[in-house]
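This report refers to the structure that appears directly beneath it.
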Amino acid sequence: MLKIILPTTMLLPMTLLSPAKSMWTNTTAHSLLIALISLHWLVPSYYPSKNLAHWAGIDQISAPLLVLSCWFLPLMILASQGHLQYEPHVRKQMFISTLVIIQPFIILAFSATELMLFYISFEATLIPTLILITRWGNQPERLSAGIYLLFYTLISSLPLLISILYLHSKTGTLHLPILKLTHPNPSTPWTSLLSSLALLMAFMVKAPLYGLHLWLPKAHVEAPIAGSMLLAALLLKLGGYGIMRATLLIEPPSNHLHYPFLTLALWGALMTSSICLRQTDLKSLIAYSSVSHMGLVIAAGMIQTQWSFSGAMILMISHGLTSSLLFCLANTNYERTHSRILILTRGLQPLLPLMSTWWLLANLTNMALPPTTNLMAELTIMIALFNWSPLTIVLTGIATLLTACYTLYMLLSTQRGTLPTHITTTSNSNTREHLLMTLHIIPMLALILKPELISATPL
């Protein structure tokens, strides 16, 4: 565990001590090296779990997410260079330091076997994210987005703290493996219902569940590119991971809590997909598509079967890579046209032909074209949900159809059509941007060949 966390924290002095000319190169190379070292967690040398320390462990649910969080640090640093090129050197150092500080907390959250440590690291990720959005966002509305993010997260996570303390008072331990074995039985049905609700609510907001999602489009639209990548690829996954962990602690027959959550998640997948068809802002469209995909993950997490967990895990990893790639592409357009409005940035294919190839690949994976892992995950979740209740196929089927519609709408509106008259000159796409897209696509293509690495099932 420490062999990943220590090199990550060593990035801080490296950022502050590197000369201005080589700072980007040093930090990107160092973080990419950490990402490559973290790949050994994917090798299934542990079953069912492996203790990395007294307070941290790794199993099939946390391993893929740990690797994903290590993989994204160099990508966020790579993506931010264009956004920060005219900033003073000190501000660049502050920006990279903020990204580096958030990394150990995410690694701790995904590997903690102690519930209180998980809660502290889960909450600690909020502060650097808030700094990223409110300090480096583009528009004045970033302050409002930051307040939304802060209050939604805090109000939902205080009940989580209370339910964790209640669990400790009932069982005398917060060690996850022991809690799974004991299954603490609350004294009354009401206590059971409220403690289950409190455990789940923080993760439902983070995931986010439809109805509790209003902070996400705001935060995405106002965040800088690294903030959007961080939110889409890692922080939403903290919500999904928390749901998978929390539902294992709740006895399924003890209450009917999963009915409203499942209904909202599937209805939300359908509603947010249809909202996407009406969006004029490119980043907002990608943000709502995230809510739609995470709706399926929440639904799969709630029914607690091996198939649904497997599908949820694959979808979280696939969606993390796909939506982050879409945000990076939206950012390359924004840096050239200084607008996110779809009508004002259409017809860019003749100007950036190679970028339109990346757009095509990203959109095809987003709409879950075979043989991508997105399709495998969606089918697995659909089958698990159909097995639970045949009626769910109606909602998931329509949501999938709408996903294909808005993805094609996004592709056609950005790449096709007549070029707006105000776009007279644009800079060409550069190697850094193509490297960034390649580092998103390579894991997607590699996982098509070996999806069992991320399927959260014993091999």
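From the backbone N, Cα and C atoms, a Cβ is placed for every residue, glycine too.
For the domain 'NADH:ubiquinone oxidoreductase chain 4 N-terminal' (1-109), the predicted model reports an average pLDDT of 91. The feature domain 'NADH:ubiquinone oxidoreductase chain 4 N-terminal' is assigned by TrEMBL to 1-109.
The domain 'NADH:quinone oxidoreductase/Mrp antiporter transmembrane' annotation in TrEMBL covers 112-403.
Per TrEMBL, signal peptide is recorded for 1-22. Remote same-chain partners of the signal peptide (1-22), defined as residues 6 or more beyond its termini with a Cβ less than 8 Å from a stretch Cβ, comprise 30-31, 33-34, 37-38, 52-53, 56, 70, 73, 89, 93, 96-97, 100-101, 103-104, 107-108, 111.
Residues 3-4, 7-8, 10-11, 14-15, 58, 63-64, 66-67, 70-71, 73-74, 77-78, 81, 89, 92-93, 96, 100, 453-454 of the same chain lie 6+ residues outside the transmembrane segment (23-43) yet bring a C-beta within less than 8 angstroms of a C-beta in it. Per TrEMBL, transmembrane segment is recorded for 23-43 (among others).
The annotation transmembrane segment is assigned in TrEMBL to 63-82 (among others).
Under the heading transmembrane segment, TrEMBL lists 145-167 (among others).
Annotation comment: TrEMBL describes 187-205 (among others) as transmembrane segment. Sequence-distant contacts of the transmembrane segment (187-205), counting only residues of its own chain at least 6 positions beyond either end whose CB sits under 8 Å from a CB of the stretch, comprise 122, 152-153, 156-157, 159-160, 162-164, 166-167, 212, 215, 238-240, 242-243, 246-247, 249-251, 254-255, 257, 261, 298.
Taken from TrEMBL, the feature transmembrane segment applies to 225-244 (among others). With a threshold of 8 Å between CB atoms, the same-chain residues lying at least 6 positions outside the transmembrane segment (225-244) that come near it are 61-62, 65, 68-69, 72, 75-77, 79-80, 83, 95, 99, 102, 106, 109-110, 122, 125, 129, 132-133, 136-137, 200, 202-208, 216, 219, 283, 286-287, 290, 294, 297-298, 301-302, 309, 312-313, 316, 319-321, 323-324, 327-328, 331.
Residues or ranges marked as transmembrane segment in TrEMBL: 256-277 (among others). Long-range contacts of the transmembrane segment (256-277) within its own chain (CB-CB distance under 8 A, at least 6 residues past either end) are made by residues 193, 196-197, 200, 204, 209-211, 213, 247, 250, 285, 288-289, 291-293, 295-296, 298-299, 302-303, 385, 392, 395-396, 398-399, 402-403, 405-406, 409-410.
Annotated transmembrane segment per TrEMBL: 284-303 (among others), in sequence order. Using a Cβ-Cβ cut-off under 8 Å and counting only residues 6 or more beyond its ends in the same chain, the transmembrane segment (284-303) has close neighbours at 204, 207-210, 213, 216-217, 220-221, 232, 236, 239-240, 243-244, 247, 258, 261-262, 265-266, 268-269, 272-273, 275-276, 309, 311-312, 315-316, 319, 323, 326-327, 330, 340, 342, 366, 378, 381, 384-385, 388, 392, 396, 399, 403, 406-407, 410.
Residues or ranges marked as transmembrane segment by TrEMBL: 309-329 (among others). Non-local neighbours of the transmembrane segment (309-329) in the same chain are 60-61, 64-65, 68, 72, 75, 79, 220, 225, 228-229, 232-234, 236-237, 240-241, 244, 283, 286, 289-290, 293-294, 296-297, 300-301, 355, 358-359, 362-363, 365-366, 372-374, 376-381, 383-384, 433, 436-437, 440-441, 443-444, 447, 451, 454-457; each lies 6+ residues outside the stretch with a CB under 8 Å from one of its CB atoms.
TrEMBL lists 341-361 (among others) with the feature transmembrane segment.
What TrEMBL records for 381-409 (among others) is transmembrane segment. A Cβ distance under 8 Å defines the sequence-distant neighbours of the transmembrane segment (381-409), meaning residues of its chain 6+ beyond its ends; these are 262, 266-267, 269-270, 273-274, 276-277, 279, 285, 289, 292, 295-297, 299-300, 303, 305, 307-308, 311-312, 315, 363, 366-368.
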